[in-house]
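Taken from Swiss-Prot as is:
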type	residues	note
ACT_SITE	K175	active site, proton acceptor
ACT_SITE	H294	active site, proton acceptor
BINDING	N123, T173, K177, R295, H327, S379	substrate binding site
BINDING	K201, D203, E204	Mg(2+) binding site
MOD_RES	P3	N-acetylproline
MOD_RES	K14	N6,N6,N6-trimethyllysine
MOD_RES	K201	N6-carboxylysine
SITE	K334	site 'Transition state stabilizer'
Amino acid sequence: MSPQTETKTGVGFKAGVKEYKLNYYTPEYETKDTDILAAFRVTPQPGVPPEEAGAAVAAESSTGTWTTVWTDGLTSLDRYKGRCYDIEPVAGEENQFIAYVAYPLDLFEEGSVTNMFTSIVGNVFGFKALRALRLEDLRIPPAYTKTFQGPPHGIQVERDKLNKYGRPLLGCTIKPKLGLSAKNYGRAVYECLRGGLDFTKDDENVNSQPFMRWRDRFLFCAEALYKAQTETGEIKGHYLNATAGTCEEMMKRAIFARELGVPIVMHDYLTGGFTANTSLAHYCRDNGLLLHIHRAMHAVIDRQKNHGIHFRVLAKALRMSGGDHIHSGTVVGKLEGERDITLGFVDLLRDDFVEKDRSRGIYFTQDWVSLPGVLPVASGGIHVWHMPALTEIFGDDSVLQFGGGTLGHPWGNAPGAVANRVALEACVQARNEGRDLAREGNEIIREASKWSPELAAACEVWKEIKFEFEAMDTL
């Protein structure tokens, strides 16, 4: 043993296992403006005190490990360690609490959502002392936010590119999602766009399969949208899914989309990964492409109330990584989403400054310091009867996406698109005239259907369709 090692172990180091709370539970700590703050819903194993469980989360997601190590003496743990600074019981739950943890900014690489998540949630969720753990919210400080480009363009730039103002944008996912040839797929795109939609969309699992290779799909969809633009005089788009098995292949597809002159591409950001997503977002800004984001796989991560990561955290991460649209649930359709909670993370996507509001699940005040906003996309089981509620809930800065609610029209795709466009224009006009969409919505749709046979047919088909299940995502 060298003299230096002997001195270190003899004077300052004592091997063994210490309780986490001795170093990582610090209720006296005053958080700094530069700290990343996290709110964890913790369910400890029986016999584990809240202070020890909260401290364990702070330790295992920052500088700690299960035993004392002599290299602790070679750095300043007080500077780098995470701290559990507050513990709050969860109302109505016997053995569950919210642990608030502060992380020094120096723990994280600038501009890397990948590194942020690897640190905060990468290892601690498998910790045996915890029965379950859920990351409910993060406060991203301005000092860290400023290291990210964020969305390639943002809401205002997108509206300027499309020359469309004063209403939600309308979209449609092409169905069946798998099995169509590229030419038939392009035909479906054309019919929807000429009928009045702003966008059509590849579904999340449309990549480059044997029945429809990506290059063929891109070419036929570009032909369809240019033809629809010529006929309607409106700028049209189709979300060309660039998601691929490698980043290099993804970028090749995005480059080809740019060469075709189309306005927008798409990425599955969770299955594709944050590193790939951020790379694509940077390319899109540099080359004038809008970026639509699908959240495929999100429910695997966020659906369980006691374990995983809440979608509001994934939404914040997407705004940092980069995307101009992201699917956000509908409140009224077939997919998960309770109204107040959904609107909470919708505000976190769109607004520049969002106050703490626990009634909407927002644990921290969030200042985005002018990072561009993201348009929420309402999609999944919606149809013309939902239009008043969707317009009232999401407002103008949103994309309302009707897949089956367009393609399921008894007269075909173009009449289905007409029905949705007429319903939307009627709702926007009624709202601008001061009418109450929540109370008068059905009447507004019925009035409009008198002047639109396409809307009348859609109203008849979907008059009995409801998705009345209790939301899992509650406070």
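For all residues, glycine too, the Cβ spot is worked out from N, Cα and C.
Annotated features taken from Swiss-Prot, shown on the structure.
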| residue | record | Cβ contacts under 8 Å, 6 or more apart |
| --- | --- | --- |
| N123 | substrate binding site | E60, S61 |
| K175 | active site, proton acceptor | D203, G403, G404, L407 |
| K177 | substrate binding site | D203, N205, V206 |
| K201 | Mg(2+) binding site | G171, C172, T173, I174, H238, Y239, M266, H292, Q401, G403 |
| E204 | Mg(2+) binding site | N241, T243, D268, T271, H294, A296 |
| R295 | substrate binding site | D268, Y269, L270, F311, L314, L318, I326, H327 |
Taking the residues N123, T173, K177, R295, H327, S379, which the record names as binding substrate, find the longest CA to CA distance and state it in Å to the nearest whole number. 36
Radius 10 Å, atoms counted are CB only; among the recorded positions H294, H327, which position scores highest? H294
What is the set of residues, excluding K201, D203, E204, whose C-beta falls within 8 angstroms of the centroid of the C-beta atoms at the Mg(2+) site? T173, I174, K177, D202, N205, V206, Y239, N241, M266, H294
Kindly assign K201 (Mg(2+) binding site) to one of the three DSSP-derived states: helix, strand or coil. strand
DSSP says K177 (substrate binding site), in three-state terms, is coil
Taking the Cβ of D203 (Mg(2+) binding site) as centre, how many other Cβ atoms lie within 10 Å? 19
Within 10 Å of the Cβ of S379 (substrate binding site), how many other Cβ atoms can you find? Include all protein chains, please. 25
Simplified to three states, DSSP reports H294 (active site, proton acceptor) as strand
